[in-house]
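Engineer: Dropping the structure in here first, questions after.
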Amino acid sequence: NPITLSVVLTSLALGTIFTVSSSHWLLAWMGLEINTLAIIPIMTQHKHPRAIEASTKYFLTQAAASALLLFSSLNNAWLTGEWSIMDLTNPLSCATMTIAICMKLGLAPFHFWLPEVLQGISLTTGLILSTWQKLAPMAILYQITPMLNTPLLLTLGLMSTLVGGWGGLNQTQLRKIMAFSSIAHLGWMVSILPFSPQLMILNLTIYLIMTSTMFLTLKTISSTKISSLATSWSKTPTTTALSLLTLLSLGGLPPLSGFVPKWFILQELTNQNTTILATTLALSALLSLSFYLRSTYI
């Protein structure tokens with residue numbers, strides 16, 4: 001129904017806008033809840049067991065993360081008397097808030113739901129889940145950056161890049177490859193967040209553009225597997241070439257645009273005397289690049 005669809009899409013947009021523009025924890029939580037409830041009907045519009053399973057997994061994970069976020073803000077308000085997002089001063093609240101947002105984003109070790117959910121939904125819904133649904137949690141993370149625990153963020157970021165690299169190696173489904181790509185890119189963003197939030201914004205912007213391009217081209221050529229991507233070359237050579245270039249850009253291969261944020265992030269981490277972390281991130285990027293190259297070669 002077009003009216004129902006317009007209501008759902010408006011709610012999806014308003015939920016993110018509420019969260020991004022709010023300075024009160026309850027308003028931010030309310031925006032995230034509206035966001036979650038609005039995307040469930042979009043995920044279940046195709047009456048298929050996989051879609052129902054994916055939406056159930058997504059709902060349970062997001063509900064648990066929202067409950068943890070509300071608990072964290074309540075705990076902070078109980079101890080400090082402040083509901084402002086910028087006044088998250090209690091260490092326990094900072095840690096639980098970080099975990100709640102990482103669950104919402106799908107960062108390792110809370111990443112298990114993301115590949116399964118993305119595999120069970122359509123490419124259009126996967127596009128929304130991989131791009132628009134990342135904006136609200138990242139906005140909260142950006143605002144509370146000065147109060148967060150830097151070692152915890154770096155550990156989560158490093159785990160995410162490694163999991164994103166290792167997890168995508170044996171995948172043949174393009175949506176699962178995009179899910180592990182999302183986990184790896186989010187790991188890069190979280191790793192640089194304590195040192196340079198502006199670089200995180202740059203990385204997020206380029207990631208959103210590349211992911212949108214990838215999902216839209218996959219939707220155009222109707223490819224969900226690597227094998228179908230291989231046979232699409234004879235039918236739509238230009239679009240297939242664009243998808244392959246986008247895959248390589250996601251992997252961070254120079255001189256493509258995906259290399260720029262990785263280069264800047266490695267440079268900034270080296271300047272902050274975290275050379276071991278920068279080296280491990282660069283090696284994990286090689287893992288990701290290997291399965292992108294395999295997809296391109298096929």
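Positions of Cβ are set from backbone N, Cα and C atoms, glycine also.
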Engineer: I'm validating the feature mapping. Which of 131-150, 151-170 is tagged transmembrane segment in TrEMBL?
Structural biologist: 151-170
Engineer: Any idea which of 25-43, 177-195 is down as transmembrane segment in TrEMBL?
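Structural biologist: It is 177-195 that TrEMBL describes as transmembrane segment.
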Engineer: Quick one: do the transmembrane segment (276-293) and the transmembrane segment (201-218) have at least 3 Cβ pairs under 8 Å, skipping pairs fewer than 6 apart in sequence?
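Structural biologist: As far as Cβ distances go (cut-off 8 Å, pairs 6 or more apart), the transmembrane segment (276-293) and the transmembrane segment (201-218) do not touch.
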Engineer: Out of 56-75, 177-195, 239-256, which stretch touches the transmembrane segment (151-170) the most, going by CB pairs under 8 Å?
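Structural biologist: Ranking 56-75, 177-195, 239-256 by Cβ pairs under 8 Å to the transmembrane segment (151-170) puts 177-195 first.
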Engineer: Check the transmembrane segment (239-256) against each of 95-114, 177-195, 201-218 and return whichever range has the most CB pairs under 8 Å.
Structural biologist: 201-218
